[in-house]
Amino acid sequence: MALASSRFLLRTQAHRATVKNHSNSIARTSTPLLHTQRSYYSPYRDPIRDKTVHMTLSRGVNVLHDPLLSKGTAFSIDERERLSIRGLVPPRCQEMDKQLLRVKRNLDGCDSPIDKFVFLAALQDRNETLFYKLVIEHLEELAGIIYTPTVGLASEKSHSIYRRSRGMYFSSQDRGNMSAMVYNWPHDEVDVIVVTDGSRVLGLGDLGANGMQIPIGKLSLYVAAGGIRPRAVLPVVLDVGTNNKTLLNDPLYLGMGHPRLDGEEYYSFVEEWVTAIMTRWPNVLIQFEDFKYPHAYNLLNKYRDRITCFNDDIQSTSAITLAGILAALKARGLSQEDLSNERIICVGAGSAGVGVCEGIIDCMVAQGKVKSREDAYRRIYMLDQHGLLGNSAVAAGDPSRIMQGPERVKGSLDERQLCYVKPDLPDRMNLEELIEQVKPTVLLGLTGIAGVFTEKAVRTMAQHNEKPVIFPLSNPDTHAECTAEQAFKWTDGRAIFASGSPFDDVQLPNGKIGRTNQCNNSYSFPVSTSSNSGVGLGVVISRASRVTPEMFLETARAIADIATPSQLKEGILFPGVSQLRNVSSKVATRVCEVAYQQGLAQKSLKEGEILGEFVEKSMYDPEYVPLVHHHQ
């Protein structure tokens, strides 16, 4: 159930804050005047410190070449003197507003999205403060460049456009050395790691070590939309090989040139990596990203109760999709409590499809409108590449065996997928036939295959619904199950539409606008981005020891509540991308509430500050702060 209050009165313990009551205040933390590049003073450094003076051990060209320290032309005369860089930069001091004018003008001169991606990557490599200021000020324009859809093409071309290393690579040739390797990272403080094995990159499949562009892009959104400190994030690739023959045969490919590890060899590799990470950063939040099924579920189930972690494709995508469905209920004049009355078809039975549906099931059960979890499963119909997960006996025409279970799936589906099998419907029933029979109110696509939502299927759905809810969620846009234009055309402009990658609004024949929504995990991540980044920010600020299902449920509810009645009437389910930081703050506040309520928060806090205000103060803001050389 939703939390009743957003304010808590907390009291300090050694390394833990627990809920005292649901009153109007939360702890106030003092703000030190100085902080250093390393954690000299405290194992838990307050994010607010990055907004004051910054002390560094670096001097001279090392300052200019460090993207976390460099100000480009904005160093003051005093800084140039004390950091020994006088004469190493042009004499005229130009503040950030002039720098932004220069880089935006050059960015606009780039011919294609991939050219803009390369330009922004180069800017990030030399001046992260300026990079994030540019992204935040033009977030709606640039979110699709630093992440989907452009990051998909960048991932495919990663080995060709490689210029400078970012993040860490742990490969099959590093077995036995990972615990030492983690100390090669130059920063003692890491709050968030996004890690991938490159096995299921967006809807593009196995891209091996090229998958590094995904953690880099996700963490860029974490910082820009979620307010996580850029010096406290770490993108990681687990290079266990690739089965992509094109990459294996490409002389420029930078990853390991052998087929993927699998089975026990694969899981022992991941175990060594997790152990190494926990040795150096025991409190870090790990986000598993773009792992193929069933590894995604197996790793989540193995580590969710051992370390602070979550799987983006399973849990964050689930949260933002649930938020979209809850908002769509309100847009149709219904209540969020009517969720259990929906008839939902999910096309896609992989980790993302099952994860999304499990989040919907969790919400149905939490609302108390279903008799049991098994009762909730009856509301969702799942299809894999063969069709409906149904009963092969029905297809064989033997009614006496209908309730004996699905013969086809006994050996081919795992226990999670088996929950969605429909014993009273034919196995492998196609989408068009299923829509005709069950008359769904919601259609979800998580296949990674363009065109799965056919014209006949969508038109049939529209015959039975005044406002059909159509969510083609696969990335990038070229792999979406249908386009926005198709969805509105085939429903006569009546669809409530959300997609994984951005689509432009559609001009309808009647002069109205068909509104599109982007339903990916950036909201959650920082709406899906704000989902992700909001969850990450909340976990980091509260120092939660675990990430729980209740956090994602609260995330979905928080995002679903943001759109105004007038926006919902137009078909707008989520706030615009330009509001991601505001949404992330609201989500983070709700996540912190859950952490304190469940006794998972480890952050030591003092009395006197409102939780929402504390979250906002803790968010990273890309502004230049004075640099001081620290003498050891």
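Note: Cβ is positioned from N, Cα and C throughout, glycine not excepted.
Taken straight from TrEMBL:
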DOMAIN    124-304  domain 'Malic enzyme N-terminal'
ACT_SITE  TYR147  active site, proton donor
BINDING   ARG200, ASN475, ASN520  (S)-malate binding site
ACT_SITE  LYS218  active site, proton acceptor
BINDING   GLU289, ASP290, ASP313  divalent metal cation binding site
DOMAIN    314-596  domain 'Malic enzyme NAD-binding'
Inter-residue C-alpha distance, ASN475 ((S)-malate binding site) and GLU289 (divalent metal cation binding site) (nearest angstrom):
14
Binding-site residues near TYR147 (active site, proton donor): from ARG200, GLU289, ASP290, ASP313, Cα within 10 Å gives none
Check: min Cα-Cα distance from LYS218 (active site, proton acceptor) over binding-site residues ARG200, GLU289, ASP290, ASP313 goes to GLU289
Measure the Cβ-based neighbour count of LYS218 (active site, proton acceptor), defined as the other Cβ atoms within 10 Å of its Cβ.
30
In this predicted model, what is the average pLDDT of the domain 'Malic enzyme N-terminal' (124-304)?
95
Just give me the nearest neighbour of ARG200 ((S)-malate binding site) among the binding-site residues GLU289, ASP290, ASP313, Cα to Cα.
ASP290
If we count other C-beta atoms within 10 Å, could you say which of the binding-site residues GLU289, ASP313 has the fewest?
ASP313
Identify all same-chain residues not among GLU289, ASP290, ASP313 whose C-beta atom falls within 8 angstroms of the centroid of the divalent metal cation site's C-beta atoms; report them in sequence order.
THR196, ARG200, VAL201, ILE214, PHE288, PHE291, ALA296, ASN311, ASP312
Under 8 Å by Cβ from ASP290 (divalent metal cation binding site), counting only residues of that chain that are 6 or more apart:
THR196, ASP197, GLY198, SER199, ARG200, VAL201, LEU202, GLY211, ILE214, ASP312, ASP313
Ranked by the number of other Cβ atoms within 10 Å of their own Cβ, which of the recorded positions TYR147, ASN475 ranks first?
TYR147
By a simple count, how many Cβ atoms lie within 10 Å of the Cβ of ARG200 ((S)-malate binding site), its own Cβ left out?
24
